[in-house]
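In Swiss-Prot this protein carries:
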{"type": "DISULFID", "residues": "CYS471-CYS476", "note": "disulfide bond"}
{"type": "DISULFID", "residues": "CYS475-CYS490", "note": "disulfide bond"}
{"type": "CARBOHYD", "residues": "ASN72", "note": "N-linked glycosylation site"}
{"type": "CARBOHYD", "residues": "ASN72", "note": "N-linked glycosylation site"}
{"type": "CARBOHYD", "residues": "ASN309", "note": "N-linked glycosylation site"}
{"type": "CARBOHYD", "residues": "ASN309", "note": "N-linked glycosylation site"}
{"type": "CARBOHYD", "residues": "ASN412", "note": "N-linked glycosylation site"}
{"type": "CARBOHYD", "residues": "ASN412", "note": "N-linked glycosylation site"}
{"type": "CARBOHYD", "residues": "ASN527", "note": "N-linked glycosylation site"}
{"type": "CARBOHYD", "residues": "ASN527", "note": "N-linked glycosylation site"}
{"type": "SIGNAL", "residues": "1-39", "note": "signal peptide"}
Amino acid sequence: MCHRSHGRSLRPPSPLLLLLPLLLQSPWAAGAAEKHNSAGVHYATAYWLPDTKAVEIKMVLDKKGDAYGFYNDSIQTTGWGVLEIKAGYGSQILSNEIIMFLAGYLEGYLTALHMYDHFTNLYPQLIKNPSIVKKVQDFMEKQELWTRKNIKDQKDDPFWRHTGYVVSQLDGMYLGAQKRASEEEMKPMTMFQIQFLNAVGDLLDLIPSLSPTKSSSLKKFKIWEMGHCSALIKVLPGFENIYFAHSSWYTYAAMLRIYKHWDFNIKDKYTASNRLSFSSYPGFLESLDDFYILSSGLILLQTTNSVYNKTLLKLVVPESLLAWQRVRVANMMAQGGKEWSQLFSMYNSGTYNNQYMVLDLKKVTLKKSIDRGALYVVEQIPTYVEYSDQTNILRKGYWASYNIPFHKTVYNWSGYPLLVHKLGLDYSYDLAPRAKIFRRDQGTVTDMASMKHIMRYNNYKVDPYSKGDPCSTICCREDLNEASPSPGGCYDTKVADIFLASQYKAYAISGPTVQNGLPPFNWNRFNDTLHQGMPDVFDFDFVTMKPILT
């Protein structure tokens, strides 16, 4: 299904390459590796050659190597690719920056072909007007130069040191993908294109901030277009278990998925989590969804809050850290929810404005107590981040998240009161369709099967709260909208509980819901939307995700 022509050019035109750290300016690859164009499990090990500052790749699984792992290209059969990488556990003693660089290099090498596909699919979804490309490039170049300068100038600051680890990983991904492209005789992706992929969430707000548009009818607004999602944390009545789940909403052009398991041997006293499992995409060094299980005992979920107050978007500046970067740094450094919130709040870009739920499983003693600090809720808008401990609400049974701000200040500044005035209570926090459905049905969750069920729920033809709208429900199917079908909506679900999380284990399903007899999504109805590398039909079951490397 996926056609790759030799020497194929990628959009947009290459910008000036941005600066890379000094170590990347040496010859960066050595050795040959066999080509892989087909599905299957592909093993690889990266070796750091310190004398030449080069990387050698061998298609073996060598635990003495500096980074090793595999990519299971099973997208056509399960809807998911699976990537697992361990770095820094080899025979060499390496700096944290080199460990992160090699982890990124190996991921870029193993997943380069799907990175190309994913960029091809997403670029036209975000760049509707070619005139915006130069503005985006200029902003991202300024933001990167500002970030790298702070990393260089503040090496003794733990926050900026960890930001440097993330940037090293990105540099490695770029060069690893470049190495793979040269072997496949493809034109390599530029650094801007890889930055573009990682910033997809941020671009949802950055592009409108750079391109003022005339006011349009709010009635034409499609909630899934901004990457909206549904999330639920459910506590059983006697605190016997705590479940957490997330269902992503966005364009179906984003359905090229990779579930990732990382284990990086970072030696830094300020690093709280160096092992994590999360849902993700090709070329992304973050989840985007978000759904993370962290070795610190934290769980991170997220849903997007739109900013209807366009004046706020004018306050976005490049001298800031993008949301994906701040999430990664907070994930690495935070021991608890409050610390995560404080770290995430630093250098707020005002892009990818979300509600984050930080669940601290260390604060949960089953059948006994859920201690203060177990749930922090964090919300961002341009110039402002608010967070609060909402454990008390969680103790009462559940926390639901459905793309409407919880904190009053964020709700008001984002423009929701005007939206409610113009469009009705469907946009209010308490009486949005998903608020009502979660309130009604969360009590039916008693086990993993019922948790999966509520997160895939769509009974729009019958449910009075849906009023016949296939997106006024937990798992949206905008492609079934009779008036104006679009290939977008809810396209996955990830579910786990406190027991599974201790093993970095989750259940994940890829594709739009087929609950209550809904037809499986088929691309043949929407062939005008690029979907390179994807299955034609999405009708998959839940898959067990669990790391297996030792």
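Positions of Cβ are set from backbone N, Cα and C atoms, glycine also.
Note that this is a predicted model, so its numbers are computed, not measured.
Structural mapping of features recorded in Swiss-Prot.
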{"residue": "ASN72", "record": "N-linked glycosylation site", "DSSP class": "strand"}
{"residue": "ASN309", "record": "N-linked glycosylation site", "DSSP class": "coil"}
{"residue": "ASN412", "record": "N-linked glycosylation site", "DSSP class": "helix"}
{"residue": "CYS471", "record": "disulfide bond", "DSSP class": "coil"}
{"residue": "CYS476", "record": "disulfide bond", "DSSP class": "coil"}
{"residue": "CYS490", "record": "disulfide bond", "DSSP class": "strand"}
{"residue": "ASN527", "record": "N-linked glycosylation site", "DSSP class": "coil"}
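Fewest Cβ neighbours within 10 Å among the glycosylation sites ASN72, ASN309, ASN412: this applies to ASN412. When the recorded positions ASN72, ASN309, CYS476, CYS490, ASN527 are ranked by how far their Cα is from the Cα of ASN412 (N-linked glycosylation site), ASN309 comes first.
Note on proximity: among CYS471, CYS475, CYS490, ASN527, the recorded positions of the record, the Cα nearest ASN72 (N-linked glycosylation site) is that of CYS490.
Listed in sequence order, the recorded positions near CYS471 (disulfide bond) (C-alpha within 10 Å of its C-alpha) are CYS490, out of ASN309, CYS490, ASN527. CYS490 (disulfide bond) has CYS476 nearby among the recorded positions ASN309, CYS476, ASN527, counting only those with a Cα within 10 angstroms of its own Cα. Counting in whole angstrom, CYS475 (disulfide bond) lies 23 from ASN527 (N-linked glycosylation site) by their C-alpha atoms. If you take the C-beta of ASN527 (N-linked glycosylation site) and look for same-chain residues 6 or more apart in sequence within under 8 angstroms, you find none.
Calculated from their C-alpha atoms, the gap between ASN309 (N-linked glycosylation site) and CYS476 (disulfide bond) amounts to 25 Å.
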